[in-house]
Amino acid sequence: MRSMALAPSLRAGPRASVTHAPATLRAKPAPDTPLRPGGSFCTLAWGAAACACRAHARRGKRQSFAVSIPRTIAAAASNSWTGDKVRETYISFFRDKGHDFVQSSPVVPLSDPTLLFANAGMNQFKPIFLGQLDPSSPLQGVTRAVNTQKCIRAGGKHNDLDDVGKDVYHHTFFEMLGNWSFGDYFKKEAIEWAWELLTEVYGLDPSRLYASYFKGDEELGLPEDLEAKELWMQYLPESRVLPFGKKDNFWEMGATGPCGPCSELHYDRIGGRDAASLVNADDPDVIEIWNLVFMQFFRGDDGKLSELPSRHIDTGMGMERITSVLQDTRSNYDTDVFGPLLAAVHELVGGEPYTGKVGKDDANLRDTAYRIIVDHARTLTMAVADGAAPSSEGRGYVLRRILRRAVHNGRSKLNAPPGFFSKLVPKVVECLSPGFPDLEGAAGERVQNVLREEEEAFDRTVDRGMNFFDSLKEQLNKEGANTVPGDQAFLLYNSHGFPLDLTEQMAQEAGLTLDVAGFEAAMEEQKERSRAARQAQEAEGRGLQPLQLVAEQTAWLSDQTIPVTDDAQKYAWNIRPLAKVKAIYWDQGFVQSTEEVPDDFTVGVVLDATPFYAEAGGQVGDLGRLVSEDGQELMDVKVVQVFAGYVLHTGAKPAALQVGDDVFCEVDYEHRSRVAPNHTMTHVLNWALREVLGEGIDQRGSLVTADRLRFDFSYEASSGVSMKDLKQVECLVQGVVDSSVPVTSQEVPLAQAQAIRGLRAMAGEAYPDPVRVVTVGKGTIENILAAPDDDQWMSQSVEFCGGTHIATSSEARSFVVLEEKGIAKSIRRIMAATGEVAESAIEESRLMEEEVGKLEKSKVEARFHLLAVCTTLSKRLRVIKHLQTILP
């Protein structure tokens, strides 16, 4: 429930070894032994290489193509620099430089709504860069980090989807090797170590390397980065240290936030020449291999730059690309990273194997299809394993588009049989599990099941859709037209499930253009009602301007020696403590008094201590008031949020409040008393689902408000939870309510807490150490810790959680499931309620059942009455007929 993250402890001090680091990262292996960050020594890469060699032997002589490939997959496989070894060498190198290994965050961001997918190694470190890191975070105190991050760039600002397959180096899924410094070392060490790793460890030819640096920008008011230039000139001649502008060498997180100049390393695949003019010129043989970002500025809402309080290093190097360099191939797809997957596709589809052609040489687009399929198989496997699923909206729709693009290319270009795509999952798992062992076992099986169902659904419509398009193409040719009408493209989308980009690809292959504007107009018409409703909802919530504290503000608070807010009282009930105003903030900055803020503006107040619970982990924050010592209401607190330990109490501008004032904090405990039962019963619901549906149930999200609770979970059955099982779940939860068992909590060392039998936690979350454990049942936390591996704890709810809860289960009064539905492939959602809302729902249900009963009874009475009428009419009809025979 509380968004905190299940992960091993990352450090034992600023530069110490990782407490729970895998053995492979603690011991130095033999030089040629490939490792994996989360498991034992691995030989899978060599098996994959052998598979690639066999595939090459079958296909015979490679044909040439626009960008010729001098090395085969077999040659790459024989190279000692396998993909696994490249990854592990990088991690080991920086661990030896005092970096902590921080495992990759899920590729599906669990706590960052601004991202569809993790698209860079720095994503999980954003709270550090923004100055919003929770003091209890396991990243607190980490000053140097290294890892390989799972990344997907298929949607949003960073989107490589349309380029995949057309060349030999774009991917939607890739690994980003990265090392970071958080206020520790800066340019000198970053450049020195980058050079050492590339030339002395990886053994790249220094004469093929070029470095770029920021040449300055008058508009930004920034000078040339001479420091980076001079550092590079210790290793390279000036002719290979090249200046570039902000487009290439100034990195920004977004429109606002941390940013800074960067320095890129480029590699010339050819060598023996002056390739300076080809750097940043989109030449496939002179490629960027590593970007070193020197994060030292902050861009505010007004667009102005200011110095960050701490300077950071953020580097990123694509594992697939550096592997292709080390294996001396001009194509990422000709490395052992992709070779086994390409061979697996060929085994499934038959025909001609992958030959590496691109552009005009790939006339039938067969090799393009191969590249699309293996790339998309990696992307979907990782995304689904980390909790996403194909669906009709958001990231789920991106995944659906990716799957349908892969299936279409397989069916139309490779003549692949139905169901071929999901059969690639085991090979993807085999190839990626050395770096990400959580893919193995049940996770891989679940991924294959999800993709099989989605593929089968598309297979039912893909042939009809392709036939529809072929008929449309013939009609357009007869008419001499060369544009696919937008309404027809929308029909393909709406009736046959063809995403717009897939229809656009088909149109391009047929020599046609697509009326995108017409498609969008048809789509807009369909969305009009939902958009109007959404806009009305958004307008309703605009009572307050959103406020947040980012690095600039939290650094200012720290510089003023204002300590983080003491929120130890947030779990207490019915208290009215006195607190001191430490800071007042509005969207133009900090002020000493609210009199400096114009009317009708939102104000945020930072106190030295607070009893308010700040929204977190799916639970809404507390409501309440700040009151003067004489009882006057100063602020109606509507939003409570925490940024880097500073709790911000937000509301409409108070009449008179200034820094240093003492205020009484009055939490609306009536509001909390409706939220807390919903949160506690969300825990019990999680337990009950496992009891009824089995161990495959994993939490995928939750929302707890005063009115109801929402719980999302993984469940494989395509038909959803049966009414019988749903009723059993509801009865189990109500049974816990009726039993009036205690709800106890305690902070416990993370390792000790993770050993508890039956513990429930969200996969991919990073939990603090110590972590708060909450249990609902006869066994208290003390009982559980005394015998953590006892099977009896399976019979009660035990979870990591930082939210507010009731004291005994009976305070929930009643529990009722309001709705159960699917929200994505293999993801279900339950809406439920407790207390008065549940009792009202139960009463409404009872009244409805009574009405149904009356209706059933009235139906019976009506049937008897109708039968009587019919009998009477029949008798009358016979009398009439008789009279007709005797009367003249």
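Each residue, glycine too, has its Cβ placed from N, Cα and C.
Looking up the ranges 1-32, 33-64, 417-448, 673-704 in TrEMBL, the one annotated as region 'Disordered' turns out to be 1-32.
Around HIS805 (Zn(2+) binding site), a 10 Å sphere centred on its CB holds 23 further CB atoms from the protein chains shown.
Other Cβ atoms within 10 Å of the Cβ of CYS801 (Zn(2+) binding site) number 27 in total over all chains. With a 10 A radius on its CB, HIS683 (Zn(2+) binding site) counts 27 other CB atoms from all the protein chains.
Every protein chain considered, the tally of other Cβ atoms within 10 Å of the Cβ of HIS679 (Zn(2+) binding site) stands at 28.
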